[in-house]
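One structure is given here, and the rest of the page talks about it.
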Amino acid sequence: MLRRFAVIGHPIAHSLSPVIHQMFAQQTQIELIYEKILGDDVKFEQQISDFFIQYGNGLNVTLPYKKRAYELAKIRTQRCTLAGAANTLWMEENQLHADNTDGIGLIRDLSRFLELKDKKILILGAGGAARGIIFPLLEAKPLQLIVANRTLEKAEELQRQFPQINVTSFAELTEFFDLIINATSTSLSGQVIVLPEEVLSHKPFCYDLAYNQKTSTAFVQYARNGGCEAVDGLGMLVEQAAEAFFTWNKVMPSTQKILEHLRSF
């Protein structure tokens with residue numbers, strides 16, 4: 001029986017999710033269609049309701065609707081609750097369920113490059129993207145997890161929810177780290193946060209949650225210019241999609257060849 005899935009967001013034309021999920025479907029021999037839905041700021045909640053009334057099996061949610069999707073759901077996973085946002089929806093026993101697979105997607109992609117246990121990790125930015133990855137990063141048992149933000153107040157809001165983290169402003173960064181994660185939106189506008197020289201002198205591994213299929217993101221290029229190994233978030237996109245696919249279809253697809261295919265576009 002043909003299963004129906006979609007991703008909703010605004011904008012949505014650029015989304016790679018249909019390509020990724022169709023490749024998962026071919027690999028696992030599951031018949032499905034996966035569409036793009038342009039979100040309507042006024043009618044978003046009705047769009048979600050209509051999708052499932054029309055026998056939709058699962059829905060991915062992207063910017064700017066993750067918080068609204070979270071608020072709609074009656075039942076949420078623990079990681080979804082801690083993230084305060086949802087990117088994966090499905091119906092079960094006539095109730096809307098929500099998950100957030102971004103964090104586990106990041107962890108799985110990072111595992112290709114380094115072990116997180118006992119590492120010093122710096123997250124740049126204290127917005128929704130940062131909040132969504134803190135819990136899974138803490139589960140990996142790093143030595144230290146620091147969130148840096150332009151304004152300290154916003155970072156302190158995260159610290160109240162996650163007391164295990166330390167917070168600082170960009171201006172006060174002085175120490176070295178094993179891993180730096182850019183969770184700001186600066187790369188989307190081609191800008192970077194210029195870090196103090198001593199922060200990059202230890203040559204940390206650098207990861208940008210943003211991605212660009214055609215070229216390096218601004219943060220990745222900045223880190224490489226500083227002599228650091230750096231990658232963007234395309235692998236995270238594929239891994240979070242795999243987790244959503246597993247939630248809906250109870251089959252975990254493999255991701256390596258799909259990631260290689262997307263990189264070679």
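Using N, Cα and C of the backbone, Cβ positions are placed for all residues, glycine too.
Worth saying up front: this structure is predicted, and the values here are computed from it rather than measured.
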Taking Swiss-Prot at its word that Gly125, Ala126, Gly127, Gly128, Ala129, Asn149, Arg150, Thr151, Leu152, Glu153, Lys154, Leu209 bind NADP(+), choose the one of Gly56, Gly58, Gly233, Gly235 listed for that site. Gly233
Do you know which of Thr62, Thr184, Thr247 Swiss-Prot groups with Ser15, Leu16, Ser17, Asn87, Asp102, Tyr211 in the shikimate site? Thr62
Can you figure out which of Gly125, Gly127, Ala129, Arg150 (the binding-site residues) comes closest in space to Thr62 (shikimate binding site), comparing Cα atoms? Ala129
Hey, of the binding-site residues listed (Ser17, Thr62, Asn87), which one tops the CB count within 10 A? Asn87
Per DSSP, to which secondary structure element type does Arg150 (NADP(+) binding site) belong, with helix, strand and coil as the options? coil
Determine, to the nearest whole angstrom, how far the Cα atom of Gly233 (NADP(+) binding site) is from the Cα atom of Tyr211 (shikimate binding site). 5
